[in-house]
Amino acid sequence: MPYQLENRPPDLRESMYFPEIIRGIGTITKHFLKNLFFSRDANPDILARKRGGFGHSDNVTLQYPEERAPYAPAYRGLHRLVPREDGKPRCVACYMCATICPAQCIYIEAAEYPDDPVEKYPAKFVIDELRCIVCGFCVEACPKDAIRMDSGEHTPPSYERSAQIWDEKRLLRGPPVSYQYDPWLRRGSPSIPPDKLEEMRARAKPFPTVATDEASQTPGFSVRALAAEARDRAQAARK
Amino acid sequence: MAEEKKPDAAPPKPPGPPAPPPPKNPGFVTAIVDGKEVVVKPGTTVIEAAKAVGIDIPYYCYHKRLSIAANCRMCLVEMSNAPGGKLMPACQMPVAEGVTVKTDTPRVKDQQRATLEFLLLNHPVDCSICDQAGECKLQDYYMAYDRQPSRLDVPKVMKGKRVELGPTVTLDQERCILCTRCVRFMREVAENPQLGVAQRGNESFITTFPGQPLDDKYAGNVVDICPVGALTSTDFRFRGRVWFMSSARSICTGCARGCNTFLDYLNDVTYRYRPRENDAVNEEWMCDDGRTSYKYLNAGRVLVAREGRGANAQPLPRKVAPRRAAEVLLPHVAAGSLAVLLSPVASLEDLLVACKVAKEGLKVAEVYAGGRADGWQDDFLKRADENPNRKGLELAAAAYGLAVRPFADLVAAAGAGKVKALWAVGTEVPDAKAAEKLGALEVVAQSYGDTALAQHATVLLPASPHSEMDGTFVNFEGRAQRFEMAYFPKGESRPHWALAAELGAALGLPLAFASGREVFAALGPQLGAALGDFAWDSLASTGKRLGIVPLAAGTVDGRLPGNRDRVPSETTEDYRRAMSRTS
């Protein structure tokens, strides 16, 4: 919004110059002090350090990469293949993500388990992270909640292009997830011991029909919790 | 009392149903379906009559080549002659004179939604691992008629998830909707009742008799007629998703019957054959051996020309290869020690050019017929002769006045030393051991795969099978049937006719063809009237079509029309352009 400049001759005060210069110095001083002692940003999540109060700057400058701002829960980070509790991928190689992917960066080869309640699994699941345009359609399309972008990480840099092609061994990581009607809970699985299965059944939640933050994110994932952890780390480092 | 006991006159007959109206069109039945008048033969069911005027009534269990079960209840419609105004199954009720049928009233819609809700009640909805996804009538009809979430709040009934019924068919009992199409097919068409329904109510499932596998030679057809994903092909299982596949109209090369097929392919790989409807040849069935006969199109192919045998083999540039082949053969042309082996697996176009080159370039008077060895035969579809084009070979040879002699004669002649060089168009031979005896000859071979004879070739030229060319097969009845190119020739391979024409050009014949169509236009007249009224353009060919060509499912199973049906070829721009070129 541009300033509205009135087209008028300067009045007496303005034409004397000095009162305006002093007023300008006042404005600068006000902003200097505000930036020195008070944050411009009211978002409490943006910093992990001790803030506010006399002697603690509320300045928002981050000492990256030592300090990092936690991303919002909807941040689309590096893909991961969500594991089940027994370490196998939740993915059933339905090709939905490969079908919808506008960059065609997902390659899948299906294979068959001999003894698992879910017959089909991805023998190969490869994502070319260089080609990926991080649109998140794969996550939306997945009918099994088997691919997520909730890692909160960037794709790590590498010196070779080949290192950016992530296969199922690298993608399969993070906390495991099971839902109430997952076949390995319903029918049991030879790779899950019975007592563990009972515990999983008791804990299982229904499959989320609406993608809320809580449901679509890793259990326990919270920006505030991450900020608190970072604060603790910083305090521990100071001691 | 007495009067009541002894009525002096018989009571008047209660008024019966009104006499049927006189037929509007004598000899036919006239009815109104959704306001449209339809005139059909007596005995036609409502579902077929409605289809005739473009009204689709949904159905699962109905199949026009099987008996009527009317058990899926999806096709219930309102009919004016229904007793008590009940909804009637359109697949079972014949059209009566003057009947009014309504297929889109709120009652019918409610019924369709309710039926689908019941069918889907215990369905596992595991579309993500189901091979039928994309060509599934449950999916199609759910989107067209149901579109409501499940109201079931107790666990679903669990049944067998991976039942291997036999060598070719895997059953998922949970996905089954018990339409019993497969049971009726095995009983009525395959005439080998190996399938049945066991148990009762929502516990019932399709199964075989205990200890007896589903091993009928036509069992693969139950996969095609299964409207849902219950019966899946063990061969195709989990190998690809059908919505990625394109489909070409093709001919099965498994035997001399020449069953019409759809050849489903993706990225220059053939994934499966599905039968294509042709009442004169295969109705809409094919045998399991035919279904799995596609494998030579993908695996073990020869993709570059090569010279020399065994350890001395080295690749040969494609431009040089025909000249090199001519150099090998020419000395034997003059000496008369050359034989020509033609394979009845090659197409009619291939064999026409090969016969022309054999007659005019290589100056032989007889050709030897190779081909695969004979197999089993039955009185339904399968023929003992496992070559798709033996009749075509005979016709092509006769057109050029060449005598056709069996393969055994070639082995004998080679053994006797009368034959010292061989030009093999196709290296399929009935006896692989006998092929070893041909190893002493100079062999110029054109081959799809690295067969026993191809390994003995002095000069080997890579040939393209029927998936990679437009051409014709002549089946054992003399019926010429066209097939179309699915994808371009792989590697440096070319169709036999192109290789033969190049060889002929190297021998000094004026042969140059740009397409199979040109070959037939130039050499087809040699055949005279042998093919009857066959027209090469009968299968309107569009050549290689770029992009994904939607699967043509409509003719096989009567699935929903729409983008899944191939656009009728007569209406395509390609076809009009092709026709304007020809006329």
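Every residue gets a Cβ built from N, Cα and C, even glycine.
Annotated in TrEMBL:
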type	residues	note
DOMAIN	A:81-111	domain '4Fe-4S ferredoxin-type'
BINDING	A:C91, A:C94, A:C97, A:C142	[4Fe-4S] cluster 1 binding site
BINDING	A:C101, A:C132, A:C135, A:C138	[4Fe-4S] cluster 2 binding site
DOMAIN	A:123-152	domain '4Fe-4S ferredoxin-type'
Write down the Cα-Cα distance for A:C91 ([4Fe-4S] cluster 1 binding site) and A:C138 ([4Fe-4S] cluster 2 binding site), rounded and given in Å.
12
Out of these binding-site residues, A:C138, A:C142, which one has the fewest other C-beta atoms within 10 Å of its own C-beta?
A:C142
Let me know how many other Cβ atoms fall within 10 Å of the Cβ of A:C101 ([4Fe-4S] cluster 2 binding site).
21
Write out which of the listed binding-site residues, namely A:C94, A:C97, A:C101, lie with a C-beta under 8 A from a C-beta of chain B, sequence order kept, or 'none'.
A:C94
Quick check on the binding-site residues A:C91, A:C97, A:C135: which one has the highest count of other Cβ atoms within 10 Å of its Cβ?
A:C91
I need to check the long-range neighbours of the domain '4Fe-4S ferredoxin-type' (A:81-111): which residues 6 or more away from its ends have a CB within less than 8 Å of a CB in the stretch?
118, 120-133, 135, 137-148, 168, 171-174, 176-178, 182, 184, 189, 191-192, 196, 200
Out of A:C101, A:C132, A:C135, the binding-site residues in the record, which is closest to A:C94 ([4Fe-4S] cluster 1 binding site) when you go by Cα distance?
A:C101
Other than its own, how many Cβ atoms are within 10 Å of the Cβ belonging to A:C132 ([4Fe-4S] cluster 2 binding site)?
22
To the nearest whole angstrom, what is the C-alpha distance linking A:C142 ([4Fe-4S] cluster 1 binding site) and A:C101 ([4Fe-4S] cluster 2 binding site)?
11
Hey, how far is A:C132 ([4Fe-4S] cluster 2 binding site) from A:C91 ([4Fe-4S] cluster 1 binding site), Cα to Cα, in Å?
19
Count the residues of the domain '4Fe-4S ferredoxin-type' (A:81-111) that DSSP assigns to helix (H, G, I), to strand (E, B) and to coil, and report the three numbers in that order.
5 helix, 9 strand, 17 coil
Just to verify a number: CA distance, A:C91 ([4Fe-4S] cluster 1 binding site) to A:C101 ([4Fe-4S] cluster 2 binding site), in angstrom, no decimals.
16
Return only the integer: C-alpha distance in Å from A:C97 ([4Fe-4S] cluster 1 binding site) to A:C135 ([4Fe-4S] cluster 2 binding site).
11
For A:C138 ([4Fe-4S] cluster 2 binding site), which DSSP three-state class applies?
helix
For a quick check of packing: other C-beta atoms within 10 Å of the C-beta of A:C94 ([4Fe-4S] cluster 1 binding site), how many?
24
